[in-house]
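Worksheet: the structure to be examined is printed underneath.
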Amino acid sequence: MSVAVIGAGAFGTALAVVLAGKAPVTLWGRDIGWAGTRENPRLPGIRLPDSLRVTDALQDCLADTVLLALPAQVLGGFLAEQGQLFDGRRLVSCAKGIDLASLTGPSALIGAACPQATVAVLTGPSFAADIARGLPTALTLACADPQAAQSLQHQLSTGALRLYRTTDVPGAELGGALKNVIAIAAGAAIGAGYGDSARASIVTRGFAEMVRLATALGARAETLAGLSGLGDLVLTCTSDQSRNFRYGLALGAGRDFAAGTTVEGAATARAVTALAVRMGIEMPVSNLVAGLAEGRIAMEHALDILLNRPLKEE
Ligand SMILES: NC(=O)C1=CN([C@@H]2O[C@H](COP(=O)(O)OP(=O)(O)OC[C@H]3O[C@@H](n4cnc5c(N)ncnc54)[C@H](O)[C@@H]3O)[C@@H](O)[C@H]2O)C=CC1
Ligand SMILES: O=C(CO)COP(=O)(O)O
């Protein structure tokens, strides 16, 4: 079965590189001026296999299985323009975020634009550079249809990339989106010099609010405790490879951060704040990250806001 990957950023390219070892793969990017060099500047040091086709024509991408690896905030616009091309196929969201315009996750955006498609989510702890280098990685493949989940699990697993499957699409998707927000807070705590103990509190209390919101939105709590939730939370809150964590570090230290870097947690924090208000759910860490990202809250007040909350049961 053929595979197409939409979005030639770091993650889409890494997935295309490893999957090209077992099936025909086409990688689509809107700007592929680099393609002749067989190295994507977003994934430096990785040579694309000769078998991987790179294109800027969506007509080349009408494969059985299409991985959508665009950032969460651009996916809705892309689907509004091009979604009809992909309806009826197996569409796998690889984005980790909540769309600010609709306050829904990528799977709902795909389902709305492509009502005949089989929608799945690929998520979990993995840096693009690790996957592309063939390092061992375990991810979650979520699809409401158990047979399709099993089929995609086999199609998209490789020797080093091991997929676990679940039918809990909201759980897998929300874990991946919400952990980015908490990673910004963890980075800010380290950047501000609050130390590793403070980071551990943020990760743990952050996880509690991830579970609160996700279960209210239909997720299963045990999914949040798996690779797509806790697993990815741990990775992203502890590694300098993470852009969300590094963005937090810069916020905490009062430094500028490279414009144009994909930091999904910043917009997702704002979406989470809006959802939390709508649903009457307390999300103090996420609210703080939204305030920091929007410049409404200054870093020197952030700690007081958390420490001055009423004392309560854990
Ligand atoms: N980089 C990583 O290690 C991982 C990334 N992800 C997720 O994958 C998604 C994509 O992230 P990356 O590939 O890392 O981002 P990236 O910053 O490397 O690349 C983003 C790509 O999107 C393209 N793009 C932006 N706006 C577009 C538009 N309107 N139409 C078409 N293309 C557009 C850019 O040209 C670029 O190729 C994110 O949701 C991220 O959370 C998930 C796991 C790992
Ligand atoms: O999702 C990721 C790791 O699982 C990548 O994290 P960043 O987007 O923060 O770099």
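Including glycine, each Cβ sits where the backbone N, Cα and C put it.
According to TrEMBL, the active site, proton acceptor annotation covers K179. Look at TrEMBL and you will find F11, R30, K96, A128, R243, E264 tagged as NADPH binding site. Positions annotated as sn-glycerol 3-phosphate binding site by TrEMBL: K96, G124, S126, K179, D232, S242, R243, N244. Annotation comment: TrEMBL describes 3-148 as domain 'Glycerol-3-phosphate dehydrogenase NAD-dependent N-terminal'. The domain 'Glycerol-3-phosphate dehydrogenase NAD-dependent C-terminal' annotation in TrEMBL covers 168-303.
Shown on the structure are the features that TrEMBL records.
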{"residue": "F11", "record": "NADPH binding site", "Cβ neighbours (10 Å)": "27"}
{"residue": "R30", "record": "NADPH binding site", "Cβ neighbours (10 Å)": "12"}
{"residue": "S126", "record": "sn-glycerol 3-phosphate binding site", "Cβ neighbours (10 Å)": "21"}
{"residue": "A128", "record": "NADPH binding site", "Cβ neighbours (10 Å)": "21"}
{"residue": "K179", "record": "active site, proton acceptor", "Cβ neighbours (10 Å)": "33"}
{"residue": "D232", "record": "sn-glycerol 3-phosphate binding site", "Cβ neighbours (10 Å)": "27"}
{"residue": "S242", "record": "sn-glycerol 3-phosphate binding site", "Cβ neighbours (10 Å)": "24"}
{"residue": "R243", "record": "NADPH binding site", "Cβ neighbours (10 Å)": "22"}
{"residue": "N244", "record": "sn-glycerol 3-phosphate binding site", "Cβ neighbours (10 Å)": "28"}
{"residue": "E264", "record": "NADPH binding site", "Cβ neighbours (10 Å)": "24"}
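In this structure, R30, K96, A128 are the recorded positions from R30, K96, G124, A128, K179, R243 whose C-beta falls under 6 Å of some atom of ligand 1. The most crowded of the binding-site residues listed here (K96, G124) is K96, judged by how many other CB atoms sit within 10 Å of its own CB. Spacing of S126 (sn-glycerol 3-phosphate binding site) relative to R243 (NADPH binding site) is 13 Å (Cα to Cα, whole number). G124 (sn-glycerol 3-phosphate binding site) carries neither a helix nor a strand DSSP state and counts as coil. In the three-state DSSP scheme, R30 (NADPH binding site) falls into the coil class. For the recorded positions R30, K96, A128, K179, E264, a Cα-Cα cutoff of 10 angstroms around D232 (sn-glycerol 3-phosphate binding site) retains K179. Close contacts with ligand 2, defined as a Cβ under 6 Å from any of its atoms, occur at K96, D232 among the binding-site residues R30, K96, D232.
A straight line from the CA of A128 (NADPH binding site) to the CA of S242 (sn-glycerol 3-phosphate binding site) spans 10 Å.
Cα of N244 (sn-glycerol 3-phosphate binding site) to Cα of R30 (NADPH binding site): a span of 24 Å. Comparing R243 (NADPH binding site) with the residue listed as 'active site, proton acceptor', their Cα atoms are 12 Å apart once rounded.
A distance of 26 Å separates the Cα atom of G124 (sn-glycerol 3-phosphate binding site) from that of R30 (NADPH binding site).
When secondary structure is read from DSSP and collapsed to three states, K179 (active site, proton acceptor) falls in the helix class. In this structure the alpha carbons, written CA, of F11 (NADPH binding site) and K179 (active site, proton acceptor) are 17 Å apart. In the predicted model, residues of the domain 'Glycerol-3-phosphate dehydrogenase NAD-dependent C-terminal' (168-303) average a pLDDT of 97.
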